[in-house]
Amino acid sequence: MTDAISPLTSKDIDTAKPITNDDAIVTQMRTFIDTLKQHNYAYYVLDNPILEDSEYDQLRRSLLELEEEYPDLVQPDSPINQVGDMPLPAFTQVTHDIPMLSLGNVFEYNDLRDFMRRVNDRLSVAQQSPEYEMELKLDGLAVSLKYVHGKFTQAVTRGDGQTGEDITQNAKTIRNMPLWLADAADIELLEVRGEVLMPKAGFERLNRLAAEKEEKTFANPRNAAAGSLRQLDPSVAASRPLAFYAYSVNQGLLDTIDTQSAALAWIKDIGFSVSAVEVVSNPREAQTYYESIIATRADLPFEIDGMVIKVNSLALQQQLGFLSREPRWATAYKFPAETVMTRLHAIDWQVGRTGQITPVGKLEPVKVGGVTVSNVTLHNFGEIQRLDVRAGDMVSVHRAGDVIPKVTRVWHEQRPENSEPVQLPSTCPVCDSPVVLPKDEALARCTGGLFCPAQQQEALIHFVSRRAMDIDGLGASWLISFFEHGLVKTVADIYQLHNHQEELVTLEKLGEKSVQNIISAIEASKHTTLSRFIYALGIRGVGETTAQNLAQQFGDLDALMSASIEKLLLTPDVGAITAELAYKFFRAPHNIEVITALREAGVHWDKVEQVVSEGLPLDGQTWVITGALDSMARDEAKAKLQALGAKVSGSISAKTTALLAGDKAGSKMAKAEKLGVKVVGEEEFLALVGE
């Protein structure tokens, strides 16, 4: 992966020798810089330092003295610039020039063959099966770096793929990330994408130091890397053992390079770290290499969670193109999910935002997929009965990728003799209100409503969440603290926190600057959309899609609040139960009072442009969309259907007019066929909407 390093040491450099001209000064600076960069790579990436700490410090001091004496000769890639800067007030949002798409996944050999077959089917019959390039799927944070005429100018996280956060100041502190590319000085704009990660040895060292200081440790290297990059104070990022590995060139690639493997070889030559690469010709060769990496995975210096397989030819990548969220020419071949056995010591009951009582299994802590798991959701009382799980049982816990761990098996033959079946609690574990399990429902519920502190807290957390009012920086821990200190009881109280700034500052670890940031974020959230506001209210049964449909259907909050059940039922995705729940919600005096207080505090939204469907081609029709579309994102397809008068629902029923099915259509396709619902392909859809 890297060439052997034979660095200079401080003994090889005469730091006391007088320097008499600019060329000699620059030569001396370059000697210091190159040696320090070699050490940084060996220390932070390979965890194999090539200098003693004292030698490193001496070289760094010598370079700093030269730079202070000759500021006009400071080199652009000097590691002196990689120690952190002033704390940032917040991260700026940046739109990617080219979206940073995610990858599809395959999990077994047959999936891999299907992926390669789909690639072949899309290519000309006359073409031979393409070569594929395989890379390690690094388990870190995806980042885009930009260089203008060789000089590093910007680093942006993936974010949602369209927009990310500007982390330039933190990225400058990554020791193996070049700040200057001499071989790219003639390239106007070079964009290199890759993964910021924390090597295993550095992660263990970081956690060991944190434990010694009785500070919080990180769960895994990925969390540590992501948390380090999102520090507002770059000096914190500078103190963390981060590394950057490049995996693509998105702008500025030389015209002479025509394959992905050649592109990675080039960016390695100009100064970037690149993971191992293998070129294969068919599924069997790919599987052989995949299995060889699994066998040696534990010996790698960093965490990986699979392989990335790409069509090697850049021209064929262009020909194959993209789905709405992922390329057709690449996929991630994930490693097998991990399943381990452990003991379930107890079952606790938690209360959710709408009163649902959820059982949580308390496990003997065990490592699954690189993460220590001590809790596992058991979903509901029906699931407990289905599994026949009891406190004291040995259970199998399964985790695949980032999926929440779950119990997949109970080892009944190892059950303790004195075990007893789990009983549904008759009263709420938080407020002692009666618990009910409605007929034909899986979830038991606390009847305490907003009298229940647990429901109050969960309602507050939901209200500020990213997809609701999106109040950045006001996390669950602070909200619970504010609640416990009596500063907020309802969501409307959040908009009165500016009146309690002195009290907020006195709370543990919350300084004036943090308080000011929270107040600013609250103020910024006042301008929202009607659909976000409806979703933020936390009406039972009203998710994001239903909130959007209600906003589109009524166009105005007052019209929605005064709507009858019959009118609510005209909204796509709103059935009898949801209509009744929404109707009762908007007539509860407490809810009316909170909504009024929110509006009086200045929460507002732009007018919703309603679609008048009468007379339009699809008036009266209900459509459902499933799978990935080639020509556009699903939200765009939804908008086009609505523009023609259709209602777009999220679920298939006998009332559905048609199902628009894209690539990888799943269970909705099977349900549509079972119910006799018409299935429309993408070409037919494009003809329908006139494209």
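Glycine is no exception: its Cβ is also placed from the backbone N, Cα and C atoms.
Features as listed in Swiss-Prot:
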{"type": "BINDING", "residues": "Asp53, Ser54, Glu55, Tyr56, Asp57, Ser102, Leu103, Glu135, Arg158, Glu195, Lys310, Lys334", "note": "NAD(+) binding site"}
{"type": "ACT_SITE", "residues": "Lys137", "note": "active site, N6-AMP-lysine intermediate"}
{"type": "BINDING", "residues": "Cys428, Cys431, Cys446, Cys452", "note": "Zn(2+) binding site"}
{"type": "DOMAIN", "residues": "613-691", "note": "domain 'BRCT'"}
Position of peak Cβ density within 10 Å, selected from the binding-site residues Leu103, Cys428: Cys428
For the domain 'BRCT' (613-691), residues assigned helix / strand / coil by DSSP: 26 helix, 17 strand, 36 coil
The one of Lys137, Arg158, Lys310 whose CB sees the fewest other CB atoms within 10 Å, among these recorded positions: Arg158
Rounded to the nearest Å - Cα separation of Arg158 (NAD(+) binding site) and the residue listed as 'active site, N6-AMP-lysine intermediate': 16
Mean predicted confidence [pLDDT] for the domain 'BRCT' (613-691): 84
Fewest Cβ neighbours within 10 Å, where candidates are the binding-site residues Cys431, Cys446, Cys452: Cys431
Env. residues of Zn(2+) site, Cβ within 8 Å of mean position of Cys428, Cys431, Cys446, Cys452 Cβ: Val351, Gly355, Thr427, Pro429, Val430, Asp432, Ser433, Val435, Thr447, Gly448, Phe451, Pro453, Ala454, Gln455
Lys310 (NAD(+) binding site) and Cys446 (Zn(2+) binding site), distance between Cα atoms, whole Å: 51
Whole-number Å value for how far the residue listed as 'active site, N6-AMP-lysine intermediate' lies from Cys431 (Zn(2+) binding site) (Cα to Cα): 47
Spatial neighbours of Cys428 (Zn(2+) binding site), counting only the recorded positions Leu103, Lys137, Lys310 and Cα distances within 10 Å: none
Nearest-integer angstrom distance between the alpha carbons (Cα) of Leu103 (NAD(+) binding site) and Lys137 (active site, N6-AMP-lysine intermediate): 11
Distance [Cα-Cα, Å, rounded] between Lys310 (NAD(+) binding site) and Lys137 (active site, N6-AMP-lysine intermediate): 12
In three-state DSSP terms, the structure that Leu103 (NAD(+) binding site) belongs to: coil
Length of the line joining the Cα atoms of the residue listed as 'active site, N6-AMP-lysine intermediate' and Cys452 (Zn(2+) binding site), in Å: 45
